Amino acid sequence: MTSLSAGTSTAPDTSPDRPAEPFVPDLYVQDVTLRDGMHAVRHRYSVETARTIATALDASGVRAIEVAHGDGLAGSSINYGIGAHTDWEWIEAVTASVTNAIPTSLLLPGIGTVRDLRQAHALGIRSVRVATHCTEADISAQHISAARDLGMDVAGFLMMSHMAAPAELARQARLMESYGAHCVYVTDSGGRLTMDDVRDRFRAYSDVLDPATETGIHAHHNLGLGVANTVVAVENGATRVDASLAGQGAGAGNCPLEAFIAVADLMGWKHGCELFGLMDTADDVVRPLQDRPVRVDRETLTLGYAGVYSSFLRHAEAAATRYGLDTRTILAEVGRRGMVGGQEDMIVDVALDLVARATGRGIVASAESGITAPDQS
């Protein structure tokens with residue numbers, strides 16, 4: 001028998017009798033509490049709160065921390081909601097607080113500009129997601145290219161992914177890849193995807209994307225599937241995972257970070273996060289900030305059921321209060337019309353149409369939804 005000297009390697013035994021080594025995912029966990037979570041507090045985080053959350057997340061081992069107005073860089077506006085601070089103040093708070101996690105931000109072409117991207121980079125942002133509606137990847141080319149020129153990690157973020165069939169979504173992902181994206185996400189902005197829907201979209205991605213291009217999942221919990229959909233995504237090739245403390249995010253929130261990490265531990269996946277630290281920050285810091293519970297309830301469940309952009313929730317609730325409607329009726333009509341992110345201003349139009357449609361019996365309802373509200377005249 002020939003002996004092997006130290007340092008000499010051999011090819012792995014691939015004989016049929018030897019079971020294959022199980023694949024263990026090594027996840028890139030990105031926290032979105034300080035960006036998507038802005039929606040849950042009407043974009044009102046204080047700078048000190050941002051600093052506290054970022055410090056705790058960094059200590060708990062997440063790979064990246066996303067920070068911006070809920071609608072991305074330059075999102076602060078009457079249409080989307082005025083932020084308590086500028087993006088730059090929040091970003092400076094985060095970049096000054098982290099030593100290991102990658103400071104990240106989000107940019108929606110048409111809201112944020114290349115100038116905004118450059119300013120974010122100057123303040124320490126090193127990764128960016130360029131977000132478009134799921135059928136409009138072509139408008140991301142300039143911003144993805146600019147991010148690459150700055151030496152940033154850049155991902156494409158295809159929002160409302162339930163509105164495009166798997167093959168079409170994959171075609172859009174291929175466009176983002178061609179512009180230079182290192183990663184492309186399935187972004188379930190409406191919390192509408194089921195586990196089968198998630199599986200089919202990631203399989204479609206794998207059919208067309210270069211193996212070197214990463215894929216990621218951004219789930220919302222409107223149907224109660226945030227963790228389950230994220231698990232299915234990882235099982236079908238996703239390496240980047242979005243989640244937030246206590247699920248803090250638009251609608252019923254995002255995939256709850258601490259719950260997902262617990263599941264990932266049970267499944268033996270690598271993630272680098274410290275579970276108890278995440279639990280403590282979720283319960284002691286984040287939950288007390290909520291002026292409206294982030295949970296699956298009749299309004300947020302309607303978001304997922306009707307396939308409505310999750311950040312429409314607070315806008316629809318305000319319109320319902322103003323015009324004496326059931327929030328669910330507004331959301332169901334918004335879903336029927338296929339409204340997408342950026343059309344927040346049209347929610348009032350929907351409410352006025354529903355008021356005009358009200359019958360003489362004092363019942364305000366969307367004929368399509370079958371949901372009624374009592375007469376509040």
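Note: Cβ is positioned from N, Cα and C throughout, glycine not excepted.
Site annotation for substrate in Swiss-Prot covers Arg35, Asp36, Ser189, His218, and the matching candidate from Tyr309, Tyr323 is Tyr309.
The two recorded residues Ser189 (substrate binding site) and His39 (active site, proton acceptor) have their Cα atoms spaced 12 Å from each other. In this structure the alpha carbons, written CA, of His39 (active site, proton acceptor) and His218 (substrate binding site) are 15 Å apart.
Asp36 (substrate binding site) sits 10 Å from His220 (Mn(2+) binding site), taking the CA atoms of both as reference points.
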